[in-house]
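**Q** Okay, so Swiss-Prot annotates it like this:
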DISULFID  CYS103-CYS183  disulfide bond
CARBOHYD  ASN8  N-linked glycosylation site
MOD_RES   THR501  phosphothreonine
MOD_RES   THR505  phosphothreonine
TOPO_DOM  1-29  topological domain 'Extracellular'
TOPO_DOM  54-66  topological domain 'Cytoplasmic'
TOPO_DOM  88-104  topological domain 'Extracellular'
TOPO_DOM  127-146  topological domain 'Cytoplasmic'
TOPO_DOM  170-191  topological domain 'Extracellular'
TOPO_DOM  215-443  topological domain 'Cytoplasmic'
TOPO_DOM  465-478  topological domain 'Extracellular'
TOPO_DOM  499-532  topological domain 'Cytoplasmic'
Amino acid sequence: MEGDSYHNATTVNGTPVNHQPLERHRLWEVITIAAVTAVVSLITIVGNVLVMISFKVNSQLKTVNNYYLLSLACADLIIGIFSMNLYTTYILMGRWALGSLACDLWLALDYVASNASVMNLLVISFDRYFSITRPLTYRAKRTPKRAGIMIGLAWLISFILWAPAILCWQYLVGKRTVPLDECQIQFLSEPTITFGTAIAAFYIPVSVMTILYCRIYRETEKRTKDLADLQGSDSVTKAEKRKPAHRALFRSCLRCPRPTLAQRERNQASWSSSRRSTSTTGKPSQATGPSANWAKAEQLTTCSSYPSSEDEDKPATDPVLQVVYKSQGKESPGEEFSAEETEETFVKAETEKSDYDTPNYLLSPAAAHRPKSQKCVAYKFRLVVKADGNQETNNGCHKVKIMPCPFPVAKEPSTKGLNPNPSHQMTKRKRVVLVKERKAAQTLSAILLAFIITWTPYNIMVLVSTFCDKCVPVTLWHLGYWLCYVNSTVNPICYALCNRTFRKTFKMLLLCRWKKKKVEEKLYWQGNSKLP
């Protein structure tokens with residue numbers, strides 16, 4: 001590809017022309033070209049370095065999909081550092097001034113990196129296609145190790161195809177035919193050979209990727225329709241099952257006699273925290289006895305909602321809380337009780353990690369304002385009885401204070417068996433998988449679209465030059481090949497636009513919040529989703 005543009009740029013009717021430095025451009029043109037290309041090169045380098053650092057510091061991005069994007073970022077970084085700047089220098093000076101060895105090394109690096117980008121896009125397309133069409137058989141084999149092998153093969157094939165031929169062709173034929181002031185691939189001096197490489201390196205891969213993406217799109221749309229039909233049939237019985245389901249879900253470790261309406265109105269309170277608060281309801285607990293000082297609960301189950309697809313991708317781990325029970329007596333070990341024996345309604349306030357700095361949660365015995373939809377989460381907590389005679393309410397019920405337990409926790413509580421509607425859970429899981437598949441397909445479509453837009457003009461000129469050698473001006477050759485480089489600039493932008501986790505990680509890195517722990521904790525408590 002590149003050799004043909006160099007050939008047209010530095011020869012006239014096949015005869016080499018020696019140019020003086022910068023004689024082909026005016027001063028303002030040199031300044032403009034140098035400034036624009038320097039900015040594009042800088043954006044390319046910064047964008048792809050951000051992709052690599054984001055992958056390193058944020059474990060949420062360490063998915064199989066993103067291993068391929070990391071490989072693509074490596075190829076784009078090579079182009080941003082070496083290819084863009086050396087090619088711009090070559091254009092401005094009108095000749096190659098670094099010698100034949102540097103020329104061959106640069107061409108080998110440039111072609112290997114460019115071809116590796118194409119191969120990585122092919123691998124991503126096949127990975128998405130098999131993930132959609134063979135979810136049971138392919139996904140079991142879809143591991144980081146397998147992804148690493150595929151990435152290694154993509155780079156190895158690119159290296160074998162280009163590097164030996166570029167570096168060793170002159171030794172195979174016995175002489176170097178490229179002039180000293182030019183830089184081009186010796187075996188691409190014939191337009192027909194250049195045409196063949198364009199077909200193999202661009203048109204065939206683009207055709208394959210387009211076909212695969214069309215099939216991915218059709219399969220995704222089909223699954224969306226099937227899921228909509230499934231949700232429609234499930235909604236028929238949803239209203240009938242709602243009340244029993246609520247009663248079954250609202251279980252925890254405390255129980256006391258149901259208060260009257262007046263008592264509930266009197267005792268109603270709400271969760272409060274340093275940042276956010278939500279209403280809480282409950283059937284207050286009968287104290288285990290004046291002498292009981294503390295009791296360890298097996299689980300405290302709470303319910304909230306799945307309002308959107310983003311919530312399904314939030315981390316499943318929830319804060320572990322400590323309940324301080326205010327009553328008479330002092331703190332000391334007491335008896336245990338389990339969820340099967342007791343019943344109470346709780347609603348969890350969504351809190352960020354910073355809420356732990358000033359914990360002040362109050363759980364009231366009120367029983368009003370339940371949430372509309374449900375997401376079951378389990379907590380371990382500690383119940384501590386403190387001397388406070390004023391805290392006791394009617395019917396022996398008490399106010400409790402929720403405080404964070406010290407980390408780490410050895411074992412997370414299980415929430416199995418809490419949902420009484422398995423078909424609803426199955427539908428919800430299918431929706432989560434479908435949302436992730438659609439996000440991955442969107443990222444792939446953006447990358448493919450950018451690749452086709454930036455690489456097509458140059459490869460069209462290659463086809464034209466095969467039949468009409470002088471029909472393509474030198475300036476268009478330069479612009480066309482530079483546009484291929486711009487694809488490396490656009491790719492990180494596509495990742496950020498299509499993936500919220502990438503976008504937020506980029507922002508935090510640019511704001512110099514680069515420490516791994518801070519980045520992961522911030523993204524965790526903001527509920528960012530993983531990359532498909």
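Including glycine, each Cβ sits where the backbone N, Cα and C put it.
Given the structure is predicted, the values throughout are model-derived calculations rather than measurements.
I'm curious about the neighbourhood of these features; can you describe it?
**A** CYS183 (disulfide bond) falls within neither a helix nor a strand when secondary structure is assigned with DSSP, and so counts as coil. Counting every protein chain shown, 26 other Cβ atoms lie within 10 Å of the Cβ of CYS183 (disulfide bond).
Taken residue by residue with DSSP, THR501 (phosphothreonine) is part of a helix.
Sorting the topological domain 'Extracellular' (88-104) by DSSP state (H, G, I as helix; E, B as strand; all else coil) yields 11 helix, 0 strand, 6 coil.
Mean pLDDT for the topological domain 'Cytoplasmic' (127-146) in this predicted model: 90.
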**Q** I need to check the long-range neighbours of the topological domain 'Cytoplasmic' (127-146): which residues 6 or more away from its ends have a CB within less than 8 Å of a CB in the stretch?
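**A** Hits for the topological domain 'Cytoplasmic' (127-146): 62, 64-65, 67-68, 212-213, 215-216, 219-220, 437, 440-441, 444.
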**Q** Can you tell me how far the Cα of THR505 (phosphothreonine) sits from the Cα of CYS103 (disulfide bond), in Å?
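**A** Cα of THR505 (phosphothreonine) to Cα of CYS103 (disulfide bond) measures 38 Å after rounding.
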**Q** What counts of helix, strand and coil residues does DSSP assign across the topological domain 'Cytoplasmic' (127-146)?
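**A** Reading the DSSP string over the topological domain 'Cytoplasmic' (127-146) gives 17 helix, 0 strand, 3 coil.
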**Q** How long is the line from the C-alpha of CYS103 (disulfide bond) to the C-alpha of THR501 (phosphothreonine), rounded to the nearest angstrom?
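**A** On Cα coordinates alone, these residues lie 40 Å apart.
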**Q** Indicate the candidate from THR501, THR505 with the smallest number of other Cβ atoms within 10 Å of its Cβ, considering only these modified residues.
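**A** Across THR501, THR505, these modified residues, the one with fewest Cβ atoms within 10 Å is THR501.
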